[in-house]
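I have placed the structure first, in the form of structure tokens, so that the comments after it can refer back to it.
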Amino acid sequence: MGLVTGACFAASGHQVVCIDMDAAKIALLHQGKLPIYEPGLDRMIVRSVEEGRLDFSTEYAAGIGDAEVVFVTVGTPMAGQDGRTDLTYVLNAVADVAACMGDHAVIVIKSTVPVGTGDEIARKIRLLRSELDCAVVSNPEFLREGAAIADFMQPDRIVIGAEEAAARDVVVKLYRTMVGQDVPIVCTGRRTAELIKYAANAYLVAKISFINEMADLCESIEADVEDVALGIGLDHRIGSAFLKPGPGYGGSCFPKDTQALLVTAEAHGRHLRIVEAAATVNNARRHDMVRKIADACGGTVDGKMLAVLGLTFKPGTDDLRESPAVAIVHLLVAEGARIRAFDPAAMPRLGDLAGEVTLAETAYGCVQDADALVILTDWPEFAGLDLLRIRKSLRQPVVVDLRNVFAPKQVAEAGLFYTSIGRMPVRGSEARWSAAAE
Ligand code: UDX
């Protein structure tokens, strides 16, 4: 989020310094390389650096002293299993910023922080530098990984939560240099802005869990969830986005932010039943998916070699955080499966997962002599795979597609047995496991 914010404001003509304590990251950026995978970001950064508008530093003093606006974009991980948010990074960053910031600067909190954190930060700065005239503004971010630049430059809306009109106007003016008048800017109080971020994520999460439950029902009543999603999504009151069924949501935001919202609500004596149900459905889903895979493999995955395509929590990123694919792989291994995996972007980042799976260099290499193919992330290139070639490579012609990458008819025509999400297989291509071929 920090890099995207810096790069986009620099591209809009502003002078930007991105600060990070991690010297290795800053060194990488100075070489024109990115520590993350985000389409289009490298070109944007290189251009702004060449044109002298963007720089990187590990020194707070280097960028903060003269800054009119300071964006805080550091991580806010979960503090423990109970869903509380760890604010250490934000509070430390704010203390370091406060130590060297000039008068009249505006601190903009972009990190996702529980409601009331902006008030806490303002108090902290007053304690540290009582002489300073400085405002704290909440400006939550709605970037999706993989589409971050477009989300930043052409957002559906911008939310600015401020307690002081002058600070609010500074941030509104700054954004208007980047986005046209057609982009709504929602100006509100600081606490409300903080809640908008959590409410948006909770709503999207509820949509995903809702369609996943509909998918389960479709499988029992022989209906098609893709058509259900289309049929309800065309109602403009509902909208078609975030109605894609799958193995459940993951990533660095949705699971963490829903838990944090539940914790905030509980702390204020409120029990958010809809949000809680959405999270419960999602947590159960990975186990349901393992059952589904086992069913397609004759009732158990024990001793079977499964080819897994896709490990990231969604396509277009190398991020494995809270990835349903990774959780499912761990569960499959615990049930005795051997896994050979391929992912177009995540391979260098596998960490401890690398010890549990064998890696393949290509999708076709992954399926070679595997007992079944399991698709866990909907990378667009998987849709273009040659199904006949896959059938010839597999030991058993079984495909479990947890992202509905293929059309049931297409898979049946290739002679494969097919299990997907919320759709009936074409007659004759229902999952069938041959014990004799094992
Ligand atoms: C999300 C929010 O969209 C973004 O506004 C916020 O700032 C950060 O969190 P991101 O985590 O990048 O962004 O991913 P997103 O595209 O929202 O997908 C999150 C998860 O939901 C993925 O695991 C994805 O596969 C899943 N998902 C999404 C579905 O299962 N079905 C859908 O219809 C949409």
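Glycine is no exception: its Cβ is also placed from the backbone N, Cα and C atoms.
TrEMBL annotates ASP20, LYS25, THR76, THR112, GLU145, LYS256 as NAD(+)-binding residues; of ARG190, ARG191, ARG321, the candidate listed for that same site is ARG321. Same-site candidate for substrate binding, as annotated by TrEMBL with PHE142, LEU143, ARG144, GLU145, LYS197, PHE242, LEU243, LYS244, PRO245, GLY246, GLY250, chosen from LYS33, LYS314, LYS392, LYS409: LYS314. For LYS25 (NAD(+) binding site), the Cβ neighbour count at a 10 Å cut-off comes to 18, with all displayed protein chains included. Residues belonging to the domain 'UDP-glucose/GDP-mannose dehydrogenase C-terminal' (307-408) score a mean pLDDT of 95 in the model. For the domain 'UDP-glucose/GDP-mannose dehydrogenase C-terminal' (307-408), residue counts in helix, strand and coil come to 36 helix, 19 strand, 47 coil, using DSSP. Shown in sequence order, GLY2, ILE26, PHE56, THR58 are the residues of the chain, 6+ apart in sequence, with a C-beta less than 8 angstroms from the C-beta of ASP20 (NAD(+) binding site). Maximum intra-site Cα distance, substrate binding residues PHE142, LEU143, ARG144, GLU145, LYS197, PHE242, LEU243, LYS244, PRO245, GLY246, GLY250, LYS314: 24 Å.
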